[in-house]
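Colleague: Sequence annotations record features per position, and here TrEMBL assigns transmembrane segment to 24-46, 58-78, 112-132, 152-170, 182-202. The region 'Disordered' annotation in TrEMBL covers 233-256. Per TrEMBL, compositional bias 'Basic and acidic residues' is recorded for 234-256.
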Amino acid sequence: MRTAYVIRDSYRIRGTVFSRKHPLSCWVSSMLLCFAGSLIANFLLGEPILTPFKDHKALLTASVVWYLVFYSPFDIVYKMVKFLPCKLAIAGLKEVQRAHKVYHGVVYTAKIYPNSVLIILFIGTIKGAGSGLMKTFERLVRGLWIPGTNEVLQPSFVTKACFLASLVFLMEKMNYITAPHALVYFGVVIFFVYFKLSALLLGIHDPFAPFENLFCAVFMGGMWDAMRRAVATEPKKEEKDADIPAAKSREDKKND
């Protein structure tokens, strides 16, 4: 339900108009985001891409939820989902499911590529945050082309959090974390739920941003660029100061 609600919100004002005129496109885009993690992961792992759709129960559930969010009488379901207590409950359940997807992606990929840390982290992240990566293609289904907004150019907090959770599960699997599995898993779930509720209630959308800015300033050339700009502007100020007396002398000569 959370995914259908987010899709409906992404349509903004034209949402009801688009869903009435193009119900097939609306349904396909919704299903692509609902099963995005599995679709992309299967494609990258060389497995049948349509495997997630063989679960008729899951597909039927997603379709019913999609229909209620977009076409319920008097828009009652959409309004109910937007009600803050319901919104918080649905968001919390979604984050619990996200933690499960990340863990499943890490464990499953570790069986196929046991010695490839990068692939394990990559698939674990995709399983949890596949909807963000699928958005570019999902928008094409709706007739939109917005190449400037994708997870590679502008990674969202969800993608970063899924990568961190994949790293935690991988370190646990490699015995670098010796805490009980239930405790580690519970900690990841609390991490997801806490920051999702913080985003909804407090507007904290990306707590990683200050650390990223510091890292980029130190290791990605930001500090050196700032120093270069500072050095480049200093002579200009001195030249301006030197030009002031010269300009005054020229004005005095004209007045004479």
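Using the three backbone atoms N, Cα and C, a Cβ is placed for every residue, glycine included.
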Colleague: Under 8 angstroms, Cβ to Cβ: which one of 24-46, 58-78, 182-202 has the largest number of such pairs with the transmembrane segment (112-132)?
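Modeller: If we count Cβ pairs closer than 8 Å to the transmembrane segment (112-132), 24-46 scores highest.
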Colleague: Which residues of the chain, 6 or more past the ends of the transmembrane segment (182-202), have a CB below 8 A from one of its CBs?
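Modeller: 84, 87-88, 91-92, 94-96, 98-99, 102-103, 157, 161, 164-165, 168-169, 172.
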